[in-house]
């Protein structure tokens, strides 16, 4: 299990506090179907509020990476907790970061890294370091969505007593009655915890869209421009449907199926995650068998080795001698698939767990020797893509983290519960535990969910059998027990200008099939650019595909879209000279660009930190 050192605790914190009263949320009646809510007006007092600006804490890092960058200033602005009833609740705060264009401004550009729950305060500046014309051509706005990052945080409140009473299961992949009971109990606890405050029902995409429109009005921008990744595409689609006349140049990249439900999107994950692993990650490991010691030289050998390591972890857990679980390995590998350059880190993660299974520690956790031995099992060429210090910090086996990036935790709600239980076990009495902001809350508030946990148990059992890598992770979501009515809408994008959709064919987190379905639903308002044989999550800015990058640049800086949908080629995976074709949904339609040695471009550390943060939190 990857652990967070103190420097990164804000990303997934468990706080034990004195006992306080937890409100109980009343159940709301279910809606018959999506009905667009009336668009609220912005009370003048919010536009007139005094704003206290200060130079952002990350500004020095921005200027170190690009000395010509304008100063980025940060502030917090007040917004209504509920835009539909601005006087009914206390205000909340949204953290923002802003810089003025260094040349004539083309307008206000904002960004979102994904999630739900991804903090985006640094993202606009981070992208501009990679693509410096953003600094000259746009006023840049970064923001942390309500409930997350430095904005007013969502609290998911439970008690040590409730945590300690939870049933457990050694391995959710084993679809037993014990697993079913544990999943239902955890879902109930999380639903109670995350619905426990007044703010809970207003941490939603629709309320965030209202915040975005307020920020556009606050800066007196005629329109809003957006570069949104993953869940940021959901926000982009919802904003375009709510405020079509305010849509400027929207690049929505690695698309959710944002014309359908959150459950439709979650249900793609086992398929898309396994496809990326089985068609790209494991074959890549096999092709580099001469540079990686002991994982196998064919796909089947690598898969068998992985399954053996995972089985060894489960055996140790069942013996009561280990906190390192099969689930923690699966979630780690799922998340490293987001970036091509992270294939090396994923390989090391597998090797580290292999070393641990071969030589378990008395502490029941991965220790320094396991990391060091794994590092020695890859070649110097592959070592150049990471650092031993970063891997040591990633597993919390050194006193201090080298950087927040190195220490990012890959976490699911299940492992979050396990960490909370471990903390609760050390406390005395019955204290309130804040599980921190959990992004699934947004999913629960956005679209309607089936309220019968048996439906999800059947689906998880079916998915576990069909997709043996990650199918079991679609267990019972706490949305099944969510007490509030979904703040849904039916998207048609009527009146919106065309937006640019960019999508990799083998994306593990946002399936190509879902993105294509959304494009087909919005064909008059979107232009679709597919990238053949590409599985990275996040394409525009530092893309593996120069074709997709060029199309994005032309649209962002000139406002010109291609006259029809496009299929682009890509570049090789790390340490390879050619692209290895994969049978997939766009085969036969692509004309690849000439293959050349991959530069394996590493984005700046500020941007990589933002992208890794989203990858780490995507399962929560």
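For all residues, glycine too, the Cβ spot is worked out from N, Cα and C.
The signal peptide feature in TrEMBL is assigned to 1-27.
Across the domain 'AB hydrolase-1' (134-280), DSSP assigns 76 helix, 23 strand, 48 coil. What TrEMBL lists as domain 'AB hydrolase-1' is 134-280.
The annotation domain 'Peptidase S33 tripeptidyl aminopeptidase-like C-terminal' is assigned in TrEMBL to 476-568. Note: the domain 'Peptidase S33 tripeptidyl aminopeptidase-like C-terminal' (476-568) comprises 27 helix, 15 strand, 51 coil (DSSP; helix = H, G, I, strand = E, B).
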On the 0 to 100 scale, where does the mean pLDDT of the domain 'AB hydrolase-1' (134-280) fall?
97
